[in-house]
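Right, one structure below, let's go through it.
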Amino acid sequence: MFQLPVNNLGSLRKARKTVKKILSDIGLEYCKEHIEDFKQFEPNDFYLKNTTWEDVGLWDPSLTKNQDYRTKPFCCSACPFSSKFFSAYKSHFRNVHSEDFENRILLNCPYCTFNADKKTLETHIKIFHAPNSSAPSSSLSTFKDKNKNDGLKPKQADNVEQAVYYCKKCTYRDPLYEIVRKHIYREHFQHVAAPYIAKAGEKSLNGAVSLGTNAREECNIHCKRCLFMPKSYEALVQHVIEDHERIGYQVTAMIGHTNVVVPRAKPLMLIAPKPQDKKGMGLPPRISSLASGNVRSLPSQQMVNRLSIPKPNLNSTGVNMMSNVHLQQNNYGVKSVGQSYGVGQSVRLGLGGNAPVSIPQQSQSVKQLLPSGNGRSFGLGAEQRPPAAARYSLQTANTSLPPGQVKSPSVSQSQASRVLGQSSSKPPPAATGPPPSNHCATQKWKICTICNELFPENVYSVHFEKEHKAEKVPAVANYIMKIHNFTSKCLYCNRYLPTDTLLNHMLIHGLSCPYCRSTFNDVEKMAAHMRMVHIDEEMGPKTDSTLSFDLTLQQGSHTNIHLLVTTYNLRDAPAESVAYHAQNNAPVPPKPQPKVQEKADVPVKSSPQAAVPYKKDVGKTLCPLCFSILKGPISDALAHHLRERHQVIQTVHPVEKKLTYKCIHCLGVYTSNMTASTITLHLVHCRGVGKTQNGQDKTNAPSRLNQSPGLAPVKRTYEQMEFPLLKKRKLEEDADSPSCFEEKPEEPVVLALDPKGHEDDSYEARKSFLTKYFNKQPYPTRREIEKLAASLWLWKSDIASHFSNKRKKCVRDCEKYKPGVLLGFNMKELNKVKHEMDFDAEWLFENHDEKDSRVNASKTVDKKHNLGKEDDSFSDSFEHLEEESNGSGSPFDPVFEVEPKIPSDNLEEPVPKVIPEGALESEKLDQKEEEEEEEEEDGSKYETIHLTEEPAKLMHDASDSEVDQDDVVEWKDGASPSESGPGSQQISDFEDNTCEMKPGTWSDESSQSEDARSSKPAAKKKATVQDDTEQLKWKNSSYGKVEGFWSKDQSQWENASENAERLPNPQIEWQNSTIDSEDGEQFDSMTDGVADPMHGSLTGVKLSSQQA
């Protein structure tokens, strides 16, 4: 026997140990007392030595280990296995102990919680649940009163809890786990098994086998894949699910276990008659002779509970009390059968209410029990009954039998189970299908959850449709996406929901009416709305995305509602409506003939008038990825948002067969459990992003057709920029930068360097490419960074940090090494710009108008034409002398103004007059003072500058030998003369090309002071006092003119003039006196090199003047 689990095992085992000890002591004491009495029966030592435990019993306690107490309800008696679930217990038995599966497996008692094997369960039912046949049947009045009191009004004490298994998809219940599982195979997995099912003789449309097929047809089906031939349709479905589809866990998940209250079994009112009595049943003889009168039957509750023993494996042991039951044709409408049945065979006799009962036959035959003389059968229940009737089986009181139902005595055996099939206008195939004669061993029973009645399976559907017909209520939930029969996904919450909690979750968001789009959070209110407003509306066809719920509302009386919720349909989206197809249909008046209406409803889905595209349904929807609220046409807005914002389109996963998304760049399919972060991660490495945007105009792409200015660009944009990049851009833009940061996102990104071919390089190689890109473009835009990241397979943050670090390093280098820009300021342009730079007095520049420059031009002529190629170094040396004097750079290029040649009266050698434009200021000084000073100096200048042809030739020779002189001259400041070559080369380079400036701190700061202006006249007066022709040469040449523009201290110019008289090379002293010592040692050699060609040319000039 099966023992139920026990709680508080600790305390029980302590007491059990004590009890066992006491019992063992008592037994030992009893043995000691009676050992002398049994000595005469004791065998000799030979038998004791040659006897083992196997001779005494089959179980040897020394060979086994004491097993722990198993608390789980389903324990295997052959091994230590135990389980909480019957499915696991049964699978264990099938796999481990399959040799005696049918006889040893535990079965559930349909009336109580007792479990045992088959044989023990039959004995249990016979002893404890067999109806008592000692009920009085003396008179019909007593029988009626008892029926009234006991049957129609059951007492509370008559109810008992019954453990049953139930199907979670519908209201099917059965005490046996196997029956419920077969029901699920047959009812809910036809679509799974349909592709595998094939018939031997013919091919069905979808492979499904009707429920009403007989045993011969069921034996003809087989599996297409492995040619497995099962015994029944359920066996084939089970084979497909477990062997091919491997989704047996879904079947297990659909089976639940609960306790229901059922009426306790009462004594059977049918009394077995004496053998000589042929009319039986204890009723008066006059009842059997009624032709067209009123027939009173037993109460349905009593009859079903006495005659229905839902054990398909009970043959004769459990129902011996029914062996001698005789049924008469006129009482119950059982039609005659045209053949005899032997002993042990059974026949299904149709009772009132379409509840056939399997009754094993004994020696009597059916012909003997059902004589053909009574040629009238009564089809009970032929009248239409009100829907509020609580009982269906055997309710035939005061029912007149129409004469059209009189049948001939010779009818086929297949009609025996269809006595009451005419009660419904259109019975389903389960009620009309002829069952096989030997089908009693697999008869399935179901308990009606509303009236707690137990019916055979083929009767249950008819009973439920007739007595408890559910009210169909359509609803729409576009935010629910049906994954499969057990799981759905809420697109609002982006979470997966099981079937048991799905309805409650949908009521939180609300269910919409498919006709008027009203939203309800209560099923009862929605049903009332459908009854009041849309009572004549026709429902659309049921699709694969429809979820069905069978509900019972407690509103005084039971109200059954069959809720049909249409969810997001992937096949119809977005072209067709993903909501209900009939949401915008015009009301179709109901037709009187339901068959014609069904044929008219077939083309509803394909007709363009009925199926309104869902994109025309304007409203609000929610993006399942970023939960943004979208307005406008729902399908268009969602598809457009997914393409533009997330760069995906909806599709079906080719393997998972679930809704997922596909990248619009590389057409890669995401998995069904992806999120928005998955898309972001993919776009970083997606190679199709760069290919799609590399120089192509995407205005003609489909994604650009309906783009509005408010929508984001194709690339997923981020509102914030990387912080180091953003700060640097702001700092640079606050300074005067002509470039603008704003850019049009529609324009294609043009990169400074093409990253193609570098995506497969190493990490260091890609970083070196970024360094090269930094040298070209140190300030990339956000879209450039995104494109570089996509092309080089790098993170955008890595690229931004790389550029930021490079910029910081440049700034640090400028601060540490104090570099100077070799080209001087263009002061004329610089004075036009508002700046905060402060210049010292020695770097003060004066601004001369064009009139003064023309006057000065008359005094000087260009020397380049006469000096030839050697004068290039001369001008270069002057250019770099200006840079030395400035000592710092500027982001402006120098512009040198060369005055045109002016012929003079005397034959003179043209002397260059170079006026640097950078030396001109916007502010004008006192021009009168300048004019007076120039007039005073004109006479002496024109007189002393006359040069002959011979000095000119000497100047050419001196220019040609300037390099040789540089090597011979000993420099006083210790500078290496060998640096003159590179210096001159550098001069030419800077003359031809513009300088690349580095952003950094300027090494020297200057200010414009009045002291510099006051020192200029003194310097000029000192220069005019000098009578030396060399000094006059300085004043009239371009280098002497520098004195007028570059205002030096007076002492410096005095030292320069004295050195010119004393030393053979006065230009060296002049150069040393003008070198800026603040420029740093790193620029000394460069300055010396720059000055070499200048001194060579100056030497030539001085020689010519001295020889003259």
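Each residue, glycine too, has its Cβ placed from N, Cα and C.
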*From the set ARG104, ARG306, ARG348, ARG716, which residue is assigned the annotation asymmetric dimethylarginine by Swiss-Prot?*
ARG348
*Consult Swiss-Prot and report the residue, out of SER978, SER1077, annotated as phosphoserine.*
SER1077
*When Swiss-Prot marks a stretch as region 'Neuroprotective peptide', which of 354-361, 762-769, 810-817 is it?*
354-361
*Annotation match for phosphoserine in Swiss-Prot, from SER888, SER980, SER1003, SER1009*: SER888
*Would you please pick out, from the modified residues SER98, SER804, the one with the fewest other Cβ atoms within 10 Å of its Cβ?*
SER98
*At the Cα level, what's the spacing in Å between SER804 (phosphoserine) and SER98 (phosphoserine), rounded?*
74
